[in-house]
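Okay, so here's the structure we're looking at.
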Amino acid sequence: MSVSSPPTVADAPTPHVKPQADHSDTAKTVVQRIADLRAWLFLLALILGFEIWARTAFSGTFILNPFNLQSIAIFAVAPLLLAIGQTYVIISGGIDLSMGFIMGLAAVVAAHVINGLTPGIGMPAAVMAGFVAAVLVASVPGIINGLLVSRLRVPPFIGTLGMFGVARGVAFLLAGGTTVPISNSFFAYLGNGRFLNVPIIVWITAAFVLIMHYVLSQTRFGQHNYAIGANVQAARRAGIDIKRHLLRLYILSACCAGLAGVLYSARFNAGAAQAGEPLLLDCVAAVVIGGASLFGGSGTILGTVAGAFVIAVIQYGLVFVNVEPFWQFISVGVVIIISVLIDQAQRRFSGGRVDE
Amino acid sequence: MKRRSLLKTAAALAILASTGVASLPAHAQDKKYTVALIPGLTTDAFYITMRKGAQAAADALGVELVFQGGPEFNPVVQVPVLDAIIARKPDAILIAPTDTTQLVEPLRKAQDAGIPVITVDTFIGEGKYQTGSGDADFPLSYIASDNVMGGRMAARALAKAIGEEGKVYVSNVKPGISTTDQREEGFKAAMAEEFPKITVLDTQFNENDANKAASQLQAVYARNSDLKGVFGANLFSALGAGNGVQQAGQTGNIKVIAFDAPTSIVANIKDGLVDAAIAQHPAEIGYYGVVSAFAHLSGQSIPVSIGTGFTIIDKSNVDDPNVAKYVYSD
């Protein structure tokens, strides 16, 4: 990835990336700025809503309770890591349905490698080796996804759906159909310990988010990603190597899933093949709530962060204020629909193309 | 050791052992029977252990065992597998139906094709067979743990651990699964009848997501600082709840009772993440499933229901080999 080279004038011809009618970031109207921030505004409104609810219903506090903040942050880690990779893929106009099971595959690989190496090379070294092995193994389905999509022109939805099944089968085979317990107290500390009273996995995730935000917003790789998602023909004419970019892109999303799998296994002290299965829809939902368009060309990492926290706050908050469990399904569904409606309305309002 | 079994089980097994098994292998030489075992899902330690028990019986009796199923606990996935098995015309089908009503008609096809059906772990209709009433009484036998009883045992274990008073709740997968629904039912019934000083809060559904189960525990604790215990009705519910307790820094203060005993539960009990686990005996279910099918095919009568027992595993007995054999293994 061309992380090292921020875009310069010499990097043109990078075509314009936003599907909106305006042709530069500085010309954004106030309306658009607000629309771009909608996920954060939504999050703020939700938190305020729960705070008022807690104060009036049982004179407690929701957001001023550090325990709640910590719990929500831990809750958001796994879906957010998947959503970061998914954001890149969705901006390019694709989707990666295999992420959930690549995460499970990485969790199982990490468990086996760490268990196998701990007696030989010691705890921290085994954890490092398990970390590297898990991400490397996770990148294999990513490479295959990338080749399918870029060289063989398989639609991403279909190609990654196939890999969904393959990764799942391989993960279960490796795990022997069960969960693999890990005995390495350093790894368990990594998954459950705290640094400056913030869980270590939250620190790791925050650092990763910042890097991925920088790559998407400040580097040529990120610019190319927007360009391909906005108009693949224009991107090709502008000289972007689409095949190479798509291959790297799906490796990137698989590595995000790999990281999520390693942190999951650290936290639960076990590698479980089905670890990421329930998270796949949540991660796509986080990206959409965060303002990315499923048609490609728009979306930001910071928006996705807000999207992931919207889902986490709703699900945690409804339990905290003690609402009937089934409302959780309904409320997350409603938030997704509202987000898409706002997106459509914004495009119409700003004179941009409305995807039919 | 707190091992208990249902008397019914012992009786049924004794009958089987004395009448059926001993005299049957002679017949086995005439014809090698094929018995198909269709689990609720193939990727679960519970069913994998059940398969081991079934294979042990099949080897002992000279039966060929076919094991096929879907990767998800879902009728849409299970029915095509069932159809393919029926097309192969095995001598008997053992199945853990993934839905009490949706599997009735697909299984009737097997019955119509002359293939006897025995359900294991889960059931169709009401789970009462050969009664002549209803349209789902055609299976010959239902072989399973009594999950309501298991829930009651979980309630008693949790009550004992928390000194019989305080707030607890059930961490469950999702509504509509016969076995986990029954565990919750038994748990709540025992709490209401036997432990008046214990308050059972609303059940939290985690959709088999340990991450969500952990977050729910933290939210319930944030709201109820006097929370004393949680019953995780399956593996991921318990694993998640246990991690939630750890993240909340309440290890030891909030007790966790788990249902089912995959290999990872041993480490969880030793680490103190889980205080006790209610282990079913899936190998027993598989073993007696094959034995019952074989007995029927050889012209013997078989009981319409066989209940298998439970074992409570906790720190005091987790290293005992007599208990360790009930840990599900692949």
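Even glycines carry a Cβ here, placed using N, Cα and C.
Taken from TrEMBL, the feature region 'Disordered' covers A:1-24.
Look at TrEMBL and you will find A:40-63 (among others) tagged as transmembrane segment.
Long-range contacts of the transmembrane segment (A:69-90) within its own chain (CB-CB distance under 8 A, at least 6 residues past either end) are made by residues 63, 96, 99-100, 103, 156, 198-199, 201-202, 205, 208-209, 212, 216, 225, 229, 249-250, 252-257, 259-260, 263-264, 267, 275-276, 279-280, 282-284, 286-287, 290, 292-294, 296, 299-301, 303-305, 307-309, 311-313, 315-316. Taken from TrEMBL, the feature transmembrane segment applies to A:69-90 (among others).
According to TrEMBL, the transmembrane segment annotation covers A:97-115 (among others). Outside the transmembrane segment (A:97-115) by six or more residues, the chain places 78, 82, 85-86, 126-127, 129-131, 133-135, 137-138, 141-142, 145, 157, 160-161, 163-168, 170-171, 174-175, 180-184, 187, 253-254, 256-262, 264-266, 270-280, 283 with a CB less than 8 A from a CB of the stretch.
Listed as Cβ neighbours of the transmembrane segment (A:121-144) (distance under 8 Å, sequence separation of 6 or more from its ends, same chain) are residues 98, 102-103, 105-107, 109-111, 113-114, 163, 166-167, 184-187, 190, 247, 250-255, 257-259, 261-262. Look at TrEMBL and you will find A:121-144 (among others) tagged as transmembrane segment.
Annotation source TrEMBL lists transmembrane segment at A:156-175 (among others).
If one looks beyond the transmembrane segment (A:195-216) by at least 6 residues along the same chain, the residues whose Cβ comes under 8 Å of a Cβ in the stretch are 1, 3, 70, 73-74, 77, 80-81, 84, 87-88, 91, 189, 222, 225, 256, 259, 263, 266-267, 300-302, 305. As annotated by TrEMBL, transmembrane segment applies to A:195-216 (among others).
Here the transmembrane segment (A:246-266) has Cβ contacts under 8 Å with residues 1, 77-78, 81-82, 84-86, 88-89, 92, 94, 96, 98-100, 102-111, 130-131, 134-135, 137-143, 145-147, 149-150, 160, 182, 187-188, 190-192, 201, 204-205, 208, 212, 221, 225, 228, 272, 275-276, 279 of the same chain, all six or more residues outside its ends. Here TrEMBL flags A:246-266 (among others) as transmembrane segment.
Look at TrEMBL and you will find A:278-295 (among others) tagged as transmembrane segment. Tertiary neighbourhood of the transmembrane segment (A:278-295): same-chain residues 19, 35-36, 38-39, 42, 78-80, 82-83, 86-87, 90-91, 93, 95, 97, 99-100, 103, 260, 302-308, 310-311, 332, 335-336, 339-340, 343, 355, selected by CB-CB distance under 8 Å and a gap of 6+ residues from either end.
Marked as transmembrane segment by TrEMBL: A:302-320 (among others). Outside the transmembrane segment (A:302-320), and at least 6 residues removed from its termini, the chain residues within Cβ reach (under 8 Å) are 36, 39-40, 42-43, 46-47, 50, 54, 62, 68, 71-72, 75-76, 79-80, 83-84, 86-87, 209, 213, 282-283, 285-292, 327-328, 331-332, 335, 339.
Beyond the transmembrane segment (A:326-343), the same-chain residues lying 6 or more positions past its ends with a Cβ under 8 Å from any Cβ of the stretch are 35, 38-39, 42, 285, 288-289, 291, 293, 307, 310-311, 314-315, 318-319. Taken from TrEMBL, the feature transmembrane segment applies to A:326-343 (among others).
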